[in-house]
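Have a look at this one before I ask anything.
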Amino acid sequence: MSSGWSANDHKSYSNPPSAAVKRARNDSGNKVTVVLGAQWGDEGKGKVVDLLATESDVVCRCQGGNNAGHTVVVDEKEYDFHLLPSGIISTKCTSFIGNGVVIHLPGLFEEIDKNEKKGLKGWEKRLVISDRAHIGTTKKGIGPTYSCKASRTGLRICDLMADFNEFSTRVKNLVQQYQSMYPALKVDVESELKKLKDYAERIRPLVRDGVYFMYDAIHGPPKKILVEGANAALLDIDFGTYPFVTSSNCTVGGVCTGLGIPPANIGDVYGAVGELLQTRGHEVGVTTGRKRRCGWLDLVILKYAHMINGFTAIALTKLDILDVLDEIKVANLEVLQKVEVEYETFPGWKTDTSAARKWNDLPPKAQNYIRFVENHIGVPIKWVGVGKSRECMIQMF
């Protein structure tokens, strides 16, 4: 292989320059703030993101698909988001769907239409979609789409934006591949292609080269950049309760790979922790409609999630649903195989906390519970949630 040099490139350095100028070390750029679930999802991440989005310039999704579900309440209106970043409500910031997200195009536009009826406006001026994000064809197809991605047969937004005849051939080949594995699978290919062609034109104005978009956001003027994780640590495909996990990395590493940014640009990492009790917490999945996993707070799980993600602070949400209980327990499950749980038990505060807006408004027994959790995990609790809406988040520092 040629070095690229020729005789003409040679220079005499018998009289070198008087002084070499040292190249300045570049600043790493703006840091991104990350919000992640620290349990199995459904911790109230959407509310934390919504709170932070009011002061953010860019809000990003880095992984997952419309299997994620975040609820945000603003001015007594309840918005449900699946593919759209929760920050899309904020008129002052750009929402970015990164390359690590898998996009079900019918679901995206159904979600937009549904939230437009609730008052969402101007989204098309502040939504950006990475050209490298993968798309599904029929149904939602989160797992199959990630499988296609790993097997190098996936369809990306950039493929849809390019030559549609070539894209159509790839779709037909993919359908044939799946029908060979599942002979009973029926797909109306021509109907699907017609829909995809229509979606291509609707989505085209929103598509950008995601790498350059994020690079500009990080290295341009000072910006507050927020990343909204989907799912949660115990659903991570590598670090979760495998095989009962999702198809993506929903711990902090997924932020870098799902947006195309260096680790040096990760700033604060906030872990959302939810108090999940079905009856008072109304805990039914936004996406699935299933009852969510509920139970006492598991400190070992939280410490494990902290080991992987390196949380700088915790958001403890849904404290208010514990208001009526006589006793509050904290699980300390040291050995999963034995399934023997050691509980720390605290007296309930038996007081309505939903109107609390600062630390001193909380009853002393609730304060003691919060401090115990904080000290046991070894991470400060920055927010305490006592209700659904934005103003129901008590900021501690």
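Keep in mind that glycine also has a Cβ here, set from the backbone N, Cα and C atoms.
Straight out of TrEMBL:
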type	residues	note
REGION	1-26	region 'Disordered'
BINDING	41-47, 69-71, Arg292, 318-320, 385-387	GTP binding site
ACT_SITE	Asp42	active site, proton acceptor
BINDING	Asp42, Gly69	Mg(2+) binding site
BINDING	Asp42, Glu43, Gly44, Lys45, Asn67, Ala68, Gly69, His70, Thr138, Arg152, Asn231, Thr246, Arg290	IMP binding site
ACT_SITE	His70	active site, proton donor
ACT_SITE	Lys149	active site
BINDING	Val286, Thr287, Thr288, Gly289, Arg290, Lys291, Arg292	substrate binding site
Provide, as an integer number of angstrom, the distance between the C-alpha atoms of His70 (active site, proton donor) and Gly44 (GTP binding site).
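Cα-Cα distance, His70 (active site, proton donor) to Gly44 (GTP binding site): 7 Å.
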Within 10 Å of its Cβ, which one of these binding-site residues (Asn67, Thr71, Asn231) has the largest number of other Cβ atoms?
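Max Cβ neighbours within 10 Å, all protein chains included: Asn231.
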Gly41, Gly44: which of these binding-site residues has the sparsest Cβ neighbourhood within 10 Å?
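Each of the binding-site residues Gly41, Gly44 was scored by Cβ atoms within 10 Å; lowest is Gly44.
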Looking at Cβ-Cβ distances, which residues of the chain lie under 8 angstroms from Val386 (GTP binding site) while being 6 or more apart from it?
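Counting only residues 6 or more apart in sequence, the Cβ neighbours of Val386 (GTP binding site) under 8 Å are Leu319, Asp320, Thr353, Ser354, Ala355, Ala356, Cys392, Met393, Ile394.
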Using Cα-Cα distances with a 10 Å cut-off, which of the recorded positions Asn67, Gly69, Lys149, Asn231 are near Gly41 (GTP binding site)?
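Of Asn67, Gly69, Lys149, Asn231, within range: Gly69, Asn231.
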Round to the nearest Å and give the CA-to-CA distance linking Lys149 (active site) with Asn67 (IMP binding site).
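The Cα atom of Lys149 (active site) is 17 Å away from the Cα atom of Asn67 (IMP binding site).
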Using a 10 Å cut-off, grab the number of neighbouring Cβ atoms around the Cβ of Lys47 (GTP binding site), all chains included.
28
In Å, rounded, how far does the Cα of Thr71 (GTP binding site) sit from the Cα of the residue listed as 'active site, proton acceptor'?
9
Taking the Cα atoms as reference points, how far is Gly44 (GTP binding site) from Gly69 (Mg(2+) binding site) in Å?
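About 10 Å separates the two Cα atoms.
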Around the C-beta of the residue listed as 'active site', how many further C-beta atoms are within 10 angstroms, looking at every protein chain?
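Around the Cβ of the residue listed as 'active site', 18 other Cβ atoms lie within 10 Å.
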Around Asn231 (IMP binding site), which of the listed recorded positions (Asp42, Lys47, Gly69) come within 10 Å, judging by Cα atoms?
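Asp42, Gly69, listed in sequence order.
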For the C-alpha pair, I'd like the distance in angstrom between Lys47 (GTP binding site) and Asn67 (IMP binding site), rounded off.
18
Take the C-alpha atoms of Gly69 (Mg(2+) binding site) and Asp42 (active site, proton acceptor) and report the distance between them in angstrom, rounded.
8
